[in-house]
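A.B. asks: One structure is given below, represented as structure tokens, and several questions about it will come after.
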Amino acid sequence: MQNQVAKEKERQMTRRGFLKMMGGIGLAGITATIAGCSTDPAGGKGWMPQQYQVASSFPVQVKGRVPIDPANPSITRDDKKCVLCGQCVEVCQRVQTVYGYYELPIKNDITCVNCGQCTLWCPTAAITERDDIDKVVKALADKNMHVVVQTAPATRVALGEEFGMAPGTFVEGKQVAALKKLGFDAVFDTNFSADLTIFEEGTELIKRISGQIHEPLPQFTSCCPGWVKFCEYFYPDLLPHMSTCKSPQQMLGALIKTYYAKEKGISPDKIFSVSIMPCTAKKFEAARPEMNSVDKHAKKTELRDVDVILTTRELARLIKSKGIDLNSLQDEKYDSLMGESTSAGLIFGVTGGVMEAAIRSSYFLITKQEPPEALLNLTPIRGLKGCKEAAVDIPGVGTVKVAVVHGLSNARPVLEAVRKKEAPWHFIEFMGCPGGCIGGGGQPRTSLPPSDQVRQARIDSIYNADAHIYAKRKSYENKEVLALYQKFLENPNSHLAHELLHTHYTDRSKLLTVKKDA
Amino acid sequence: MASHAQAQKWSFRITPIRVLLLLLSAVATAIIIYRLVTGLGTVTNLNDEWPWGLWIGFDVLCGVALAGGGYGTALIVHVLHRDYFHPIARSAMLTSLIGYLLVMAGLFLDIGQWFNFWRPFVSWGHSSVLFEVFWCVSCYTTVQILEFGEIATERVGKRFHNIFKAALPVLMIVGIIFPTLHQSSLGALYLLMVDKLYPLWWSPIIFLFFLMSSFFVGPAMICVETTLAGKAYDHWIPIPVLRKLIRISGYAMIVYLVLKIFDLANRGVFNLVFSGTFEANMFLIEMIFGIIIPIFICFSNFSASRSGLFTFGLLVSLGVVLNRMNVVITGMIRSTGVSYVPSLAEFTVSAGLVAMGVLAYCFIVENFRILEHEEHHGHAA
Amino acid sequence: MSKGVLVDLTKCVGCGSCTVACKLYNDTKWDEKQPTVGPNVKLSDKNWTVVKFHEVKDKEGRPVWRFVKQQCFHCKEPACASACFAKAFQKTKEGPVIYYPHLCVGCRYCMVACPFNVPKYEWEKPFPLVTKCMMCSNKVAKGEAPACVSVCPAGVFKYGDREELLKEAKAIIAKDPKYVKHIFGEQEVGGTEWIYISDIPFEQLGFKTNVTKRPLPSYTAAYMHATPYVGIAWGVVLTGLYHYTKRRNQIAKENNKNIKA
């Protein structure tokens with residue numbers, strides 16, 4: 001019996017020993033696998049952008065990035081894609097002279113003119129336009145909504161690039177066809193309101209020159225919302241120079257919910273107005289509190305002149321998402337009432353275009369004579385030179401001196417000259433983006449950084465259409481604009497025109513401390 | 001007598017309450033396994049604001065404090081040779097052993113890299129108070145197991161009994177040094193939280209408060225335990241023995257109270273006591289019900305009755321529990337900014353651990369000479 | 001001399017480059033629910049540094065925006081390192097307070113001990129580790145600035161010898177009246193390697209300013225030094241008492257016997 005007990009004890013011991021051993025192996029295994037056999041301290045071993053998957057040496061060229069307000073209506077950034085390459089800083093500071101042109105500490109604003117050039121320069125597409133496609137899709141699906149769309153001059157020479165076409169391919173008719181296919185109830189052309197702008201802004205210029213209104217010269221164009229915000233930030237003292245005209249986009253927006261609504265007999269609050277723009281700053285412009293003249297006119301509250309702005313890139317995505325191939329579409333025409341345009345409106349899309357269109361019409365409006373051929377090909381203010389000048393003799397007025405500036409870094413010396421009263425010009429065109437709207441921050445992304453080659457191709461396409469495709473080349477020949485005045489606005493700069501087509505500006509200098517010696 | 005013991009069968013009575021406790025233990029064991037495999041986030045309500053919660057507060061801090069009866073009794077009986085208290089020695093030390101094993105279990109559950117628990121044995125973070133706690137608790141638990149060896153070898157492995165018996169004095173002394181050190185160290189853990197722990201509890205001598213409270217809670221726990229055990233096994237420790245024992249507590253508590261008031265006044269935070277804040281009220285509850293009322297019971301005739309002893313024991317024990325929970329949770333709420341309510345799983349595991357302790361106690365009492373030890377001793381003497 | 005970083009909060013524009021650099025260098029994962037820049041950001045196991053947005057009033061009462069980069073301050077005498085009982089946290093001579101995952105037991109005493117609640121835990125992992133900014137100790141050991149510091153486009157940071165930076169900070173706040181006369185990290189918890197200057201009082205920017213100026217480890221150092229001596233002395237006393245009381249009882253017993261006899 002004693003033996004048996006001893007044996008039993010032995011067996012127990014072995015069982016326990018076995019369990020102990022297994023436990024030991026288990027623990028050792030877990031320790032080795034989970035803690036890893038590494039005895040290194042925690043923390044990085046090298047620079048590791050996610051696409052590389054292997055730690056490398058720390059890059060010397062990383063430069064950080066520009067700040068973007070999460071509430072920015074135009075642009076947004078996906079941190080996951082950012083590699084801190086500094087291209088956004090490069091374009092914002094060197095090309096647009098925004099970042100780095102204000103003193104630190106900042107006040108209660110993140111200075112941004114919403115131009116969107118950073119979205120073109122960002123190599124990983126971390127910075128993009130704020131995507132508003134969903135709002136448009138929702139409106140299109142809403143049977144109660146009359147969805148109206150307008151397209152900017154510059155989108156028709158760039159949209160094709162998103163569908164494999166060469167830069168500068170002219171897709172005006174295909175774009176209209178695609179929009180109709182997407183279900184828009186009316187497709188209008190911003191060229192129309194560009195022609196209208198010529199009437200309004202030209203009249204304003206003549207009044208300034210003739211002393212009918214007491215505002216200073218030179219007059220600045222106000223079509224570009226990026227430029228306008230730039231001026232409001234850095235040169236608020238020069239805002240009286242700014243034409244009071246809204247941009248063509250906002251003019252057409254205001255007319256869609258008033259003139260068009262009236263003509264069609266649709267309540268303005270049943271109209272959803274979309275603008276296809278080459279521009280991210282338009283998203284900011286449409287959201288400006290004062291862009292609610294429809295609201296005031298129709299005595300309805302909470303009505304915006306324009307509901308959504310889509311960039312060219314967003315339109316391309318929308319078209320693709322619906323399975324539409326732009327290449328295979330047959331050209332279609334803009335809808336009438338506000339679909340007619342002259343090539344003077346079209347060339348608003350390139351740097352110098354507004355000025356050239358204005359000169360063509362001013363000549364006629366002042367002299368009541370057709371402008372000479374030279375004024376229809378005003379080469380001194382065409383092309384990609386940063387600051388271009390021209391002097392035009394207009395009988396009865398004398399020599400009108402004009403300047404054209406694109407890219408905000410080029411605006412600064414001109415503005416400084418104006419400030420010092422050393423500016424010889426009567427009229428200056430400013431465009432925020434290099435090349436004008438064809439190089440806008442909402443246009444298809446191309447080579448990095450965006451090259452003049454692509455810009456030039458788009459510019460050539462616009463001027464080719466101006467010379468060869470469009471039948472009319474002068475704004476005053478636009479029958480629908482004339483009809484608009486006759487039926488609705490009465491005459492340029494009328495009271496109603498002021499209510500709907502003109503605006504005022506905000507001094508934004510209190511939001512930042514402008515650098516003195518920048 | 002030896003053959004008698006061998007013939008005796010292992011016994012474990014099953015009662016409805018024990019079934020409940022077994023069930024609770026089983027559920028807790030399941031949660032414990034789940035926690036060990038899936039991590040802390042899935043089971044507990046702990047987060048970055050509350051890295052320590054119920055398991056540290058109750059299972060560890062309270063567990064150690066309540067299990068502190070063992071070393072106090074050992075001090076009184078085996079070092080000071082107050083044989084008068086011999087009847088309670090074995091049961092007090094058994095409670096202590098089980099308490100410490102549960103503390104170890106609680107700690108093991110709470111650490112994230114549980115397979116790495118042995119690391120401080122080789123990687124010495126000797127500047128850490130926790131390092132001292134770790135070593136002392138480990139060593140003390142070992143010592144307690146060896147101490148229990150003396151009892152265990154009365155029944156199993158009898159040939160080692162004499163060795164254990166001979167080693168007992170040394171073990172006893174070592175078994176007093178370690179708890180003295182780590183009871184105070186558990187308080188000293190909070191010395192670092194000078195800007196976090198509410199000033200009513202944080203003190204440069206918090207370790208002294210922890211040590212003293214762990215000392216005076218010992219007899220209180222013995223009162224509770226002997227009352228419960230008395231009911232269960234009809235084994236009653238004479239009232240005078242217990243009364244004399246809690247007198248020791250009573251004196252310690254008076255010193256504690258005076259020291260506490262002096263400390264608060266000295267740091268200029270005495271006015272906080274009556275500031276009416278949540279912390280102040282919790283502090284007052286802790287002091288009035290856990291210290292002041294028990295002192296009165298202790299030195300009044302009420303303590304001459306079983307119910308008086310039980311009330312004293314319960315109040316002091318709960319007072320110490322409240323003190324530890326106040327330090328771990330109440331006193332940290334303000335600096336944390338968010339509140340913490342333990343998850344059901346946390347409560348279940350804590351309760352389950354206690355259930356396991358009670359079951360283990362019952363089993364050992366029924367199979368080893370814990371309670372009747374003194375009678376034999378008395379007869380023999 | 002230990003390395004440090006001087007943070008000039010007046011220069012921060014809130015671009016968050018530093019938080020991206022941290023992710024790129026330390027390969028910590030992005031979490032949609034836990035952004036790294038904005039009003040509601042928090043340090044977490046994945047975000048070792050965040051830039052917190054604060055809308056406050058300047059001295060003239062005008063609303064201004066300020067951004068505060070948060071990360072481990074790298075105390076000169078870190079509470080976490082003194083609290084760790086397995087030496088998982090260690091202070092390097094170059095300045096960074098670093099963490100060895102293989103030594104960590106996971107007790108989280110460091111998290112409770114840290115006066116600024118910097119260490120964070122990987123709660124959702126089965127075998128979680130503590131995480132915090134390592135000040136890119138690998139880079140610092142090579143004499144390079146931490147990743148976040150080296151990518152700032154606005155010149156918020158200056159990396160260098162901590163004592164030099166402190167002198168510089170003092171000169172800046174003495175010269176420019178816009179700064180508050182306080183260098184956060186100069187004295188807090190005995191000094192930190194990362195020091196901050198600001199034009200807005202620090203408490204308005206979420207800094208914990210009511211912390212002790214004493215190094216936290218000093219609170220336990222004396223206690224820990226005394227421990228072995230107390231232990232030995234206590235042992236001697238107990239042994240003495242044991243023998244004394246035993247002998248006393250024996251004598252008492254013998255006396256009793258004698259009397260009986």
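Just so you know, glycine gets a Cβ as well, placed from its N, Cα and C.
Since this is a predicted model, take the numbers as computed values, not measurements.
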A.B. asks: Looking at TrEMBL, C:CYS72, C:CYS75, C:CYS80 are annotated for [4Fe-4S] cluster 3. Which of C:CYS18, C:CYS22, C:CYS114 sits in that same site?
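C.D. replies: TrEMBL lists C:CYS72, C:CYS75, C:CYS80 binding [4Fe-4S] cluster 3, and from C:CYS18, C:CYS22, C:CYS114 it also lists C:CYS114.
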A.B. asks: Of the candidates C:CYS12, C:CYS15, C:CYS148, which one does TrEMBL list alongside C:CYS22, C:CYS133, C:CYS136 as binding [4Fe-4S] cluster 2?
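C.D. replies: When TrEMBL describes the [4Fe-4S] cluster 2 site, the candidate it includes is C:CYS148.
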A.B. asks: Chain B sits near which of the binding-site residues C:CYS18, C:CYS72, C:CYS84, counting only a Cβ gap under 8 Å?
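C.D. replies: Cβ contacts with chain B under 8 Å: C:CYS84.
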A.B. asks: How many neighbouring Cβ atoms, not counting its own, are there within 10 Å of the Cβ of C:CYS152 ([4Fe-4S] cluster 1 binding site)?
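C.D. replies: 23, counting other Cβ atoms within 10 Å of C:CYS152 ([4Fe-4S] cluster 1 binding site).
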A.B. asks: Would you kindly determine which binding-site residues in the set C:CYS15, C:CYS84, C:CYS107, C:CYS110, C:CYS136 have their Cβ under 8 angstroms from any Cβ of chain A, listing them in sequence order or replying 'none'?
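C.D. replies: Listed binding-site residues meeting the cut-off: C:CYS15, C:CYS136.
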A.B. asks: Taking every residue in the domain '4Fe-4S ferredoxin-type' (C:3-33), what is their average pLDDT?
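C.D. replies: Mean pLDDT across the domain '4Fe-4S ferredoxin-type' (C:3-33) comes out at 94.
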A.B. asks: Given the binding-site residues C:CYS15, C:CYS18, C:CYS72, which one's Cα is the least distant from that of C:CYS148 ([4Fe-4S] cluster 2 binding site)?
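C.D. replies: Ranked by Cα distance from C:CYS148 ([4Fe-4S] cluster 2 binding site), first place goes to C:CYS18.
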A.B. asks: What same-chain residues lie close to the domain '4Fe-4S ferredoxin-type' (C:95-124): Cβ under 8 Å, and 6 or more beyond its ends?
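C.D. replies: Same-chain contacts beyond the ends: 2-4, 43-45, 71-75, 78-89, 130-137, 140, 162, 188-189, 193, 208, 211-212, 216.
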A.B. asks: Could you measure between C:CYS15 ([4Fe-4S] cluster 1 binding site) and C:CYS22 ([4Fe-4S] cluster 2 binding site) for me? Cα positions, answer in whole angstrom.
C.D. replies: 14
A.B. asks: Using the alpha carbons only, what distance in Å do you get between C:CYS107 ([4Fe-4S] cluster 4 binding site) and C:CYS80 ([4Fe-4S] cluster 3 binding site) once rounded?
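C.D. replies: C:CYS80 ([4Fe-4S] cluster 3 binding site) has its Cα 12 Å from the Cα of C:CYS107 ([4Fe-4S] cluster 4 binding site).
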A.B. asks: Are there any residues at least 6 positions away along the chain from C:CYS18 ([4Fe-4S] cluster 1 binding site) with a Cβ closer than 8 Å to its Cβ? List them or say none.
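C.D. replies: In sequence order, the residues whose Cβ lies under 8 Å from that of C:CYS18 ([4Fe-4S] cluster 1 binding site) (at least 6 apart) are C:THR49, C:VAL51, C:LYS69, C:CYS148, C:VAL149, C:VAL151, C:CYS152, C:VAL156, C:PHE157.
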